[in-house]
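Notes to accompany the following structure.
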């Protein structure tokens with residue numbers, strides 16, 4: 001799956017639009033961005049996430065899209081088709097846990113996706129918009145979801161480094 005996402009990302013990069021692409025090892029689906037928190041709060045979040053129960057399931061990655069919209073792309077992504085409902089259910093559990101801890105409710109609607117690139121300029125933008133139109137229904141493939149993870153994002157000049165703090169596995173719970 002990573003190879004397919006990488007080839008799609010590379011096709012986007014070949015449009016010549018200034019962008020920052022996501023490295024292969026950083027492809028992921030964000031259920032909820034939390035922001036900066038202390039280590040004790042992160043530990044409490046991890047412990048509470050352990051209450052989430054789910055079975056392994058598959059998600060279908062399909063459709064190239066962009067935020068805020070395809071004709072004004074700032075973030076280019078691959079969407080989730082099949083399995084999106086189960087992702088939403090898990091995300092709702094995460095949201096319930098966070099709001100019970102005093103975090104503000106997420107204002108934006110949840111659109112499960114894998115980010116491929118962040119657009120940094122307008123040069124050659126029509127080529128990217130055309131590609132987004134042509135690949136709006138592209139089928140990338142399916143992947144099994146077997147865990148959810150609380151990640152720390154460490155920002156560097158070379159790009160983010162993601163470190164797993166806690167992991168909840170399907171059909172059981174616990175942290176790693």
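Even glycines carry a Cβ here, placed using N, Cα and C.
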Practice prompt. Choose the correct range: of 105-108, 109-112, 113-116, which one does Swiss-Prot annotate as motif 'HXTX 2'? Give that range.
Written response: 113-116
Worksheet, complete the sentence: When Swiss-Prot is consulted, the range among 16-19, 20-23, 24-27, 28-31 described as motif 'HXTX 1' turns out to be 28-31
Practice prompt. Between the Cα atoms of residue 113 (active site, proton acceptor) and residue 28 (active site, proton donor), find the distance and write it as a whole number of Å.
Written response: 8
Worksheet item: Does residue 28 (active site, proton donor) have same-chain partners at least 6 apart in sequence with Cβ under 8 Å from its own Cβ, and which are they?
Response: 114, 151, 162
Worksheet, complete the sentence: For the motif 'HXTX 2' (113-116), the DSSP residue counts stand at 0 helix, 4 strand, 0 coil
